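Scroll down for the structure; my scribbles are underneath it.
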């Protein structure tokens, strides 16, 4: 279950790596054509990542309800890999900005789904630990990003910043691989009337707690969804 907050590690690495990238003279010389810091372009490269975050925050809710939490995590991690690849291969500022927007969209989608996954998949006694872990992993992600950028400073030419940017890919690949092997949310499965699949997931997650617990969980999910539907109907 600890793989659920790993998306916060991705966010930490992706967010932190740009700080050292824009400081390298080789980066400025290649993309700006001079060692002039070009604050307008630098600001655009940094801030458009958060524009992608805004897009991700607006779209991820509807997507996870339609396709499921697991599919959204996989799509978002693949999107993050694409964004990273574009940044790594950037030949001009526009290409770098495009990669940053795509990566920002992806990481915000991951940020949206992490607390939901913890609530829907983790047993109650582990939720506080997992919530604390996701904050810790964000900090670790920043730390890793800065050490990667520092290591890149010893390289020559474009390698100084291209290789550190490419190192975002392993951080993204880990939650992608682990997500393939984890179940989808039983709550989402119930919303799609896949009751047997939902019960199978609950059994897998809580097998040691017995059949009574599993049936209570199923009943609680269905009752809460029915209550939410009734509230939406009365509000409309």
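Every residue, even glycine, has its Cβ placed from backbone N, Cα and C.
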### TrEMBL annotation (transmembrane segment) - matching range among 40-61, 128-149
128-149
### Message
Between 14-34, 161-181, I'd like to know which one TrEMBL lists as transmembrane segment.
### Response
161-181
#### Entry: Long-range Cβ neighbours of the transmembrane segment (128-149) (under 8 Å; 6 or more residues past either end)
1-2, 4-17, 19-21, 23, 114-115, 118, 122, 164, 167, 171
### Chain residues in Cβ proximity to the transmembrane segment (97-116) (below 8 Å; excluding those fewer than six residues from its ends, i.e. six or more beyond)
4-5, 7-8, 10-11, 14-15, 18, 44-46, 48-57, 59-61, 63-64, 69, 72-73, 75-77, 79-80, 82-88, 90, 131, 134, 168, 175, 185
### Task
Could you pull out which residues elsewhere in the chain have a CB under 8 Å from any CB of the transmembrane segment (71-91), counting only those six or more residues past its ends?
7, 10, 14, 31, 52, 56, 60, 63-64, 98-107, 109-110, 113, 117, 162, 165-166, 168-169, 172-173, 175-176, 179-180, 184
